[in-house]
Amino acid sequence: MVSPVTVVKSEGPKLVPFFKATCVYFVLWLPSSSPSWVSTLIKCLPIFCLWLFLLAHGLGFLLAHPSATRIFVGLVFSAVGDAFLIWQDQGYFVHGLLMFAVTHMFYASAFGMQPLALRTGLVMAALSGLCYALLYPCLSGAFTYLVGVYVALIGFMGWRAMAGLRLAGADWRWTELAAGSGALFFIISDLTIALNKFCFPVPYSRALIMSTYYVAQMLVALSAVESREPVEHYRLTKAN
């Protein structure tokens, strides 16, 4: 079992650019009512830094571990989704929604189907159903179906992220905690987006959405560091 102190020492320095980029976003706080390529870059910059965080572990690591590669690809789609959402008032909200739907599919695939954890799946299904029931009266037209599919996808991703979570014992792994926590923060962020867009104005919505979103993406990226594939496979691949 790797201690939290070891994790901070080994991974913390690689995350410094991400923390700096996140601070830049919140310090500048460019108005969302006036989208521009500059505001798009500033919003996407922390995600770009998470690309670099994963690449800092070596291209060989990504190529040897499909789960880490899928998280990297998910981060790429996230950045595209962020760019679309900057321009959502110009008609690109659905484009952003679709990009993040693809992101959740890549993340769920990275987290894998073992262990199955059916009880966790049932809990996530119930929570997803409650979220959709809360949003349903506010939805109309195509969003009635699009939001329903999106809720199902993020709920599935959350199930797979939390399925392997063990909080104690010799089998405890910090990357599982990172994955589960990241999924939870992602759900909070996206639920806030939906409530604010379709139902009612959420106080301080942008600060809540972006803070939980960046934390979620950081935790998901961290979960890729300790790959789900056998370590021996990576060593053999690296040696060859």
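Cβ atoms are placed via backbone N, Cα and C, with glycine included.
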Checklist entry - Do the topological domains in Swiss-Prot put Val5 and Arg70 on a single side of the membrane? => result yes
Checklist entry - Are there at least 3 C-beta pairs under 8 angstroms linking the transmembrane segment (207-227) and the transmembrane segment (44-64), leaving out pairs fewer than 6 apart in sequence? => result yes
Next on the checklist: Between the transmembrane segment (71-91) and the transmembrane segment (175-195), are there three or more CB pairs that fall under 8 A, provided the residues in each pair are separated by 6 or more in sequence?
Outcome noted: no
Item to check | Chain residues in Cβ proximity to the transmembrane segment (22-42) (below 8 Å; excluding those fewer than six residues from its ends, i.e. six or more beyond) | outcome: 82-83, 86-87, 89-90, 206-207, 210-211, 214
Next on the checklist: Please count the residues of the topological domain 'Cytoplasmic' (65-70) that DSSP assigns to helix (H, G, I), strand (E, B) and coil.
Outcome noted: 5 helix, 0 strand, 1 coil
Checklist entry - Which residue counts does DSSP give the topological domain 'Extracellular' (196-206) for helix, strand and coil? => result 6 helix, 0 strand, 5 coil
